[in-house]
């Protein structure tokens, strides 16, 4: 049993499927009727007007009605669209058990515990027949689908068949019955006592207990019944009699409901023994039993058209199928192989021929109806097919198809069977099958013999799928794994929902993993590409030739692009299973195994795919030729950042306006705003135009919205004092005091400001203004009028006059910006009459010198002031120069349009002019570019480039990941230097804020790099500079300036973190430099520590002097100096053995003669006095060791150490977690991926 939907509720007593929609009604013991969508799994509505349990419910076949009957003795007719009860039919005197609409007539039949069956006319809302004869509760009654019969079941142990053909004469429209109540009462009495309109045709006796249910077969003269005697009985009838055919035994408690299956020769029954049983009608035996643990079953319902059943139980209901309807199929080349009616068939896509190839063995009869072919796998090399089935817990059949090509229903040349699941071919003569019991994959040959066994390390392995030659996809509960059969290893994994089907594309580069509600697209190595979620079940899928995955749900054909975009192609009336997608045709199988071809329109997803792949020439072609339209395309283009393309499709002015604003097309926005003529639209246009610097449109928008204050300020920053004067007059006419004052302030008109303040009743302010700005006469006049003068005003007042603008061009932007590809394609003809110049052959293609020469020669050739020849470079109307059509004087002008030039000359002229041509027309705002610093930092693995871009946080994260850096303060100055070194300061325009502009500097930039740059910032730190520093540090060590040398080596080491080099060889040099600097820094710290404690602890000083000599980074000259110092210290401390050891090592270095002589003398003295140490030292020269940079103690070979990933300095494990004393930035014991100083390391 395949459960499709399940609910939890009170006891379900009645069920009814909607004939067309995916709905089911459930009437509950609590008195509620629920309307469910079983595909979506949602509760649509609930109807709660019955008082007490509702035991019967039924949908009308064509009207938006359903009927219900309950324990309140009422039959209610509902309109589910209006969500209300239309009327109530009263007449029953006890509980109503079942109700049902007639297929054709406006009748309802109801069965009741009052021992009667009533037939109602729901149009006239009256009872037209009462069927009496049962002498106990009538448990059910239902109409025959085609004949005028009613069958009823009662607790009087009988099943009755009623002939209601007499009711046809009495079926009338509403109101046909007379209004006389006495006549109605007389007719009712006649019905109660056995009228002739409905008579008993048969009485079926045979049950030993009360009968709970009886039902007709939809087409055969059969009746099935179920009773409290735990038996299901099959009855046959003819025109004269009815008799018992057989009894089906197996239920352990009362049989609640029983019915014939609409599409198969089976009977389905359920019982209070908590089971649903399926019976074979021909063999009269049970074939399947489904049980629940705690719930008794009460009711069954079958869908009138689909293979769906529903059962109600104590705690809800279930919608289920008895078997899978998906046909088993696979495609190879131009042929579809599929299983139908026990035959393996081949369908040729080209010719449309469908031929049976070989017969397939029928599974055992005891296996039940759901044991048909589940999947098949085809082997073209051997012309063999594996047919998988669920029979016997999972089995397969290996069929070799005869090669004679005779077709027909031949027997297979080879047919072998075996146990296992998901058998698939993995090679020419090998196939794999899953032994689920042992979690093993068995590799077998074509003789069905096991050749290999694999036990993959995949928990809960329950299915295998084909994944190319020698590979399998393994499915577990929450993931799929790619398994290499030869190596017996899992090579890749991908977390997924429970995968049901796997579909590979033609070249096996991508795979679609289909689960119940999800489509996952992955690469050949199971790298996740995208996921699409659906609310209803995904049924099948196939790959289009373009690389688009087309799939079906229960009611749609959909597509999925590689980037995750999806959409609906068309709707489906019934589910289909895709087998092939080719162009605008989709080949599929329906649930009956019939091949069908559906026509689709792939334009939408091909258009989107071209956008995703940036195939803009194809996009332009489709825009011009394909019938693309609709809100979905517009929304998609807008979401993906192509509003200028969406603008081409839109005709609605409001949408056009919004899209034009989004893509910065001021001209289109202005035209749309004119059509809309709304204040909000003009305001939005003004804001966008101001952002672009098109102050002409801004001015027009402010004028349309009468936004005087913004308009005045616009004129202020434009420096247009004439229009500011007009705004002052307009403010005066409007009587707006504040606006007048602002305009006077903008103009610097002191007299006007004084006048305004005086008129506004502020004489004190007027006096202060006049006195401050030197208007003596006006100030004296105002002083005479004031009772009290304001306090003394400060001296040195200055007139507030706004600065004049730097430029006063038509519009602020002076940069000529070329339009985008789509704008050039759609909007090249935006200006009227733009012909020759736009084609590249007019005067617009001339050089500037040529145009100027012709301008100067104009006087000698006559007065051409009235001609619009387009020579001036300010071609507002878009005319193309000398090729224009305007001819005011009728002389024909230069007659250049009659000159026929050869195509190669035209092409040459166009090419020559195109290089220097500047597109005329309205300014197009440049798209906001990506700042150079952001471009540098994006996805750069180098800390130096991130710091140069100013993204210190990213640089710190990279250093932490690569080198374990946790202390950033020592690197602060390096970060700042990197940033400052990648930018140059240039003076800005006069009066501009900030005073200077920061210009990004790029590494390796040349003139050929152009505006795009190289994408790499200039870096301050250079390898050659650090090598010079290294030589200087060596010199400091030689001179004994250890503190200064330590600072230099530390600086070199930290600067290595901020280097950027190009080649692998340079990377090796940086690593070597870092190692040397770290080694010297570590050694110098030991020597400085020795000098610090030499007086207080001479023994410890000797030890440190010895440790110093074991620093591996020391050059020979420095090592000789260290050995000499250690030799002297040890000799003075009477550690003669140690001193002798240092002397020998010094002699081996062959130092200067003077030093060599001293070493030999010390060695002789030590040997003469005896090679022994007066004090015990923590030093063993024979045992290799490194010095801990935290404790300055030796760590001998074999002992555990931890290191700083930044510089490699060694420490004892106790120091883990501390900041390294050598690099001063790294964390001891941290993990690091290694220093990255070149992009070549990331490749």
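Cβ atoms here come from the backbone N, Cα and C positions, even for glycine.
The compositional bias 'Acidic residues' annotation in TrEMBL covers 859-901.
What TrEMBL lists as domain 'COPA/B second beta-propeller' is 344-590.
The domain 'COPA/B TPR' feature in TrEMBL is assigned to 631-774.
Summarising the annotation, TrEMBL assigns domain 'Coatomer alpha subunit C-terminal' to 831-1243.
Sequence annotations record features per position, and here TrEMBL assigns region 'Disordered' to 859-918.
Over the repeat 'WD' (5-46), the average per-residue pLDDT in this prediction is 92. Annotation comment: TrEMBL describes 5-46 (among others) as repeat 'WD'.
What TrEMBL lists as repeat 'WD' is 47-88 (among others).
Summarising the annotation, TrEMBL assigns repeat 'WD' to 89-130 (among others).
According to TrEMBL, the repeat 'WD' annotation covers 131-165 (among others). Proximity of distant same-chain residues to the repeat 'WD' (131-165), defined by a Cβ-Cβ separation under 8 Å and at least 6 residues beyond the stretch ends, is recorded for 94-95, 97-98, 100, 102-103, 107, 109-113, 115-119, 192-194, 197-205, 207-216, 218, 223, 225, 227-228, 235, 237, 242.
Counting residues per DSSP class in helix, strand and coil order gives 0 helix, 25 strand, 17 coil for the repeat 'WD' (204-245). For 204-245 (among others), the entry in TrEMBL reads repeat 'WD'.
Here the repeat 'WD' (248-289) has Cβ contacts under 8 Å with residues 1, 209, 212-218, 222, 224-228, 230-234, 295-300, 302-305, 307, 309, 311, 313, 322, 365-370 of the same chain, all six or more residues outside its ends. Feature annotation from TrEMBL assigns repeat 'WD' to 248-289 (among others).
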Go through the chain and flag residues at least 6 beyond the ends of the repeat 'WD' (47-88) whose CB is under 8 A from any CB in it; none is fine as an answer.
13-19, 23, 25-35, 94-101, 103, 108, 110-112, 120, 122, 125, 304
Using DSSP, what's the helix, strand and coil tally for the repeat 'WD' (47-88)?
0 helix, 24 strand, 18 coil
Tally of residues which DSSP labels helix, strand or coil - the repeat 'WD' (131-165):
1 helix, 20 strand, 14 coil
